[in-house]
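Residues or ranges marked as transmembrane segment in TrEMBL: A:20-41, A:75-93, A:118-141, A:147-173, A:180-201, A:228-251.
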Amino acid sequence: MQWLTIYKKEMLEYWRNFSWVWVPVVFILLAIMDPLTTYYMPIILDKVGGLPDGAVIELPQMAATDVLMMSLSEFSSIGVIIIVAITMGIIAGERKSGVVELVLVKPVRYANYISSKWAAKLTLILVSYTIALLTSWYYVSILFEEIALLAFVQTLSFYALWLILVVTITIFYNTLLKTPGLVGALSVGTIIGMTAINAIFSHKLTWFPNNLSSYIRQLLHTGEIPTALWGTSFVTISLIVALLFLSFYTFQKKELA
Amino acid sequence: MDLIQLLAPIIILELILAIVGVIAWFKTENTNGPRWLWLLIIIFITILGPILFFIIGRRQ
């Protein structure tokens with residue numbers, strides 16, 4: 001019940017500060033930008049290109065699955081930054097302003113406080129992401145060719161794991177530090193660091209979370225779930241759960257100290 | 001097939017973002033930095049302006 005109260009309070013706040021409007025809109029923009037510009041590239045070049053007369057540009061024919069992957073890669077870059085930016089103050093900001101003392105003076109369990117905030121933020125982000133990817137799927141289907149529903153749902157769900165991990169990393173730094181800006185910088189730094197580690201040791205770390213999107217690309221091409229994708233998902237989920245419990249622990253220690 | 005078809009959905013979403021940004025701006029009393037400047041940013045910098053306002057413009 002306590003958990004639900006905090007969750008509902010967060011939801012109310014997202015309505016009041018317009019998060020429920022602007023986050024979905026920005027995500028949709030991110031997701032449809034690439035399918036639209038890829039499809040209309042010849043027209044765009046024609047209208048604004050200033051090409052010499054008679055210039056012929058052969059643009060490669062893009063496969064529908066590649067275009068859907070372009071939407072996902074927008075989420076991996078700009079999407080991740082937006083997610084970190086809207087999550088970095090969720091607990092750190094309340095600790096800085098003293099709101100957290102007002103909440104925790106009541107018999108609220110630390111784990112409830114953190115997990116309800118985590119769940120609320122995930123609801124906002126995953127709902128927006130689902131709407132955005134559905135829009136992208138729709139555009140890809142009418143502009144390029146259709147992608148099977150099953151493949152789309154699998155892509156949607158497996159990639160969601162990556163976004164959940166990003167939120168959980170940010171929440172973890174929230175329980176460690178009180179300055180939202182620092183939380184954001186460290187979260188983005190960690191994600192960039194993970195990408196670097198993955199780039200160097202990719203042949204050894206086949207189940208590293210950063211490999212999710214490359215396995216999703218395979219899934220879209222072959223239509224079958226690669227076995228490595230299950231392993232990577234398992235590692236990612238374990239990492240999410242471990243980080244969440246670690247957050248409970250560090251928060252408790254920081255607040256009691 | 002014309003450029004307008006490419007632009008229509010993006011323009012509509014941009015407009016929604018700007019309008020919601022202005023409404024949020026009206027409701028915000030304390031902004032980080034000059035309040036009038038944020039209004040200009042929201043209206044004149046497409047997409048990025050409202051996002052910046054929502055993320056760093058408002059003081060809790």
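Just so you know, glycine gets a Cβ as well, placed from its N, Cα and C.
Curation does not apply to TrEMBL; its annotations are automatic.
Predicted, not measured: the structure shown is a model, and the values here were computed from it.
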Legend entry - Contacting positions for the transmembrane segment (A:75-93) when only residues 6+ beyond its ends and CB under 8 Å are counted: 19, 23, 26-27, 30-31, 100, 114, 117, 121, 124-125, 129, 159, 162-163, 166-167, 170-171, 173-175, 177-181, 183-184, 187-188, 191, 213, 251
Inset, instruction - Find the member of A:20-41, A:147-173, A:180-201, A:228-251 that has more C-beta pairs under 8 Å to the transmembrane segment (A:118-141) than any other listed stretch. - result: A:20-41
Inset, instruction - Determine which residues of the chain contact the transmembrane segment (A:228-251) at the Cβ level, with the cut-off under 8 Å and only residues 6 or more beyond its ends counted. - result: 91, 110-111, 113-115, 118, 158, 161-162, 164-165, 168-169, 171-172, 174-176, 206-209, 211-212, 215-216, 218-219
